[in-house]
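Taking it in order: structure first as structure tokens, then the write-up.
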Amino acid sequence: MSAAAEKPASKRSGDLTHRHRVEKATRQLDLEKNPCTKEQQMSYQCLDDNGYDRDQCSKHFQNYKNCRQFWHLVTSDRKRKGIEPALPPPKDRPQAMEDYKFVMPWK
């Protein structure tokens, strides 16, 4: 019997939940699907820099939350109007931000 045959399979090799978590994390970092990638990364960086003290990163979290809320409102409005794609592609987002600046919830 070879050494490879005796070695037990990795616990994660067939773990679908682990694969789903990895795929979700990859999707979240995809600028095409997540217009708030920069804000998300800034939140992560703040946590890293401050020893994962969430209280010190509340401004970054609020900024990310505002970003997500804004793009959710834009997507909802575009769906309602029948505009495709509902989430504008990255090259069209500056114009969309200008067109929808009235829905910014934090102003």
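Cβ coordinates are placed from backbone N, Cα and C, and glycine is handled just like the others.
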Of the residue ranges 1-34, 35-68, the one that TrEMBL records as region 'Disordered': 1-34
Secondary structure content, the domain 'CHCH' (36-69) (per DSSP, counts of residues): 29 helix, 0 strand, 5 coil
PLDDT averaged over every residue in the domain 'CHCH' (36-69): 94
